[in-house]
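Take a look at the structure set out below.
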Amino acid sequence: MKIAKGLVGLLILYKNVCQVLCKSGSSVKSGSPWSIKNDGKSIIHDTLNSSYSDIENLNSRVSPLLFDLTEKSDYMRFYRLNLFNKECRYNLDDNVACGSSACNVLVTDEQDVPEVWSSKSLGKLEGFMPELSRQIVETDRSVMEHVDKISQSCLLERLDDEAHQYCYVDNELDSGCVYVSLLENPERFTGYSGPHSTRIWEMIYNQCLPDSSAPTIDFPALFMQGPLAPPPKPQEQLLKERMDAWTLEQRVFYRVLSGMHSSISTHLCHGYLNQRNGVWGPNLQCFQEKVLNYPERLENLYFAYALMQRAIDKLYGHLDSLTFCHDSVLQDSEVRQKIAGLVSLIHNSPKMFDETMLFAGDPSISTALKEDFREHFKTVSALMDCVGCERCRLWGKIQTNGFGTALKILFEVSNIEDEVTNFDSRSFSLRLRRSEIVALINTFDRLSRSINFVDDFKQIYSEQHKPASFKRRVLRRIKQLLFSVTPVALHPFLQKTSSILVDLYFDFKAEWDNVMLGFRYVFASYLRFPRLFKFVLFSQESPFLNWTSHHLQRYIPKNWFPEVASV
């Protein structure tokens, strides 16, 4: 009997040990914040039954093309806008400016700008502006392969009709405009927050509400602690109930704004400044508090991607009507080829958003509704001039311009494939400003990177929540035992000592890994030395023997060598 009890006890102990030491599987469980995205069948509302996995699979192919366009193209690299001299159209009593150095934007110094950029000179120019970008051309090298000098026409603006615009586009002839390199001013955490930014986001989201209805939603409560801060549940429930009563057009309008907001917050949390060590990097807690803990925000990010994908798709067949660098065949062809590759890839992918479902009712009503939609989004773009942070204002203006351009393409441009049987495609010429094209591609790139950043945060979450190793559990037990047998007064000292030892361990491990990497490299070179020695001195392809033979032949008479009879 005692033997049987002992065996049962051993079996129970063995089971417990296996559960502790052999625990495996995904650390992202069904109850985690990622559960809604883990299900590949989760459909994103107001799309053509597109799922999270559909968008991620497409983005895995699109992302490298967007990176190549935005990082290695002069055309997409520079953006000209009125960043400092445009007054806010709205009365904000708490109008403030960000005092952090992270808010600053690097631009060309005004005193270094040539005379042709002065207001007098700019006022004399029409159409293309041949001298406007000379300063950048002369002072900055091209980032494109096989190109040494930036073509001025890659930086020029072409004047266009103001009709059918969904956002306010800065006039590049304005002497207050400046060129900004987007590579030198990445979108990342600046520290800009507080009542002022909350007030601006409140005014932006209030554009979702029809003019005839009272704003029953307390948007300041939704965003009390800065961009996308955790809202109270009653307010969030009220917003959901209100959205259920909205029309499709109102829901799309809100989802675009929320998706843009989620993308911005994702970038800020991924490029977050660690105040302890001064290193920029992902901050999972920031992302959880601003986006991940609220599934509708993550869903709206993916919805905005689907909408932007459809806008890029509609460029198919219109590229011939667009000019990029008119005085440089090489740069124009490179930019055109890259954009054509992106558009072609998206065009051959499943359609994710159907713009024809919007404004599809009675023509008189739908026209008025579209005009109201357009004016509300133009108000959103105008609110970007009220942002107190320069870098936030820069990327806010770019992305509202990008989404405004996408909406313009979706709702104002004919679909060539639907009309090709009745009209020649050239009759549907698409006219876009240079700033609109640059904003459109860079905004799509922002969304694409946000999707990638979501996966990065998921990997970090999985790493933090994976089962602890046996060594870590043993060390944790030792630490608990040590704390239990020492006086409470010594606990702060022990905690600080423990943190120092952990830092020392990781620093030592990093240095040791570097030493071992160097050792393996040197040791491998020694192992390859005999083969290298044989190749250099004794092989038929030996560069040493060939060099020696070549030089010896120069001093030996040619007739000394016997002639080889031809076969």
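Including glycine, each Cβ sits where the backbone N, Cα and C put it.
Cross-referencing Lys240, Lys290 against the FAD binding annotation in Swiss-Prot, which names Arg188, Thr190, Trp201, Ser258, His261, picks out Lys290.
Per Swiss-Prot, the disulphide partner of Cys389 among Cys325, Cys392 is Cys392. The most densely surrounded of the recorded positions Asn49, Thr190, judged by C-beta neighbours within 10 angstroms, is Thr190. Take the Cα of Arg188 (FAD binding site) and measure to each of the recorded positions Asn49, Cys88, Cys386, Cys392, Asn546: the nearest one is Cys392. Here the CA atom of Asn49 (N-linked glycosylation site) lies 23 Å from the CA atom of His261 (FAD binding site). If you compare Cα positions, Lys290 (FAD binding site) sits closest to Cys392 out of the recorded positions Asn49, Cys98, Cys325, Cys392, Asn546. Cα distances from Asn49 (N-linked glycosylation site) to the binding-site residues Thr190, Trp201, Ser258 are smallest for Ser258. Farthest C-alpha pair in the FAD-binding residues Arg188, Thr190, Trp201, Ser258, His261, Lys290: 20 Å apart. Lys290 (FAD binding site): 24 other CB atoms within 10 A of its CB, across all protein chains.
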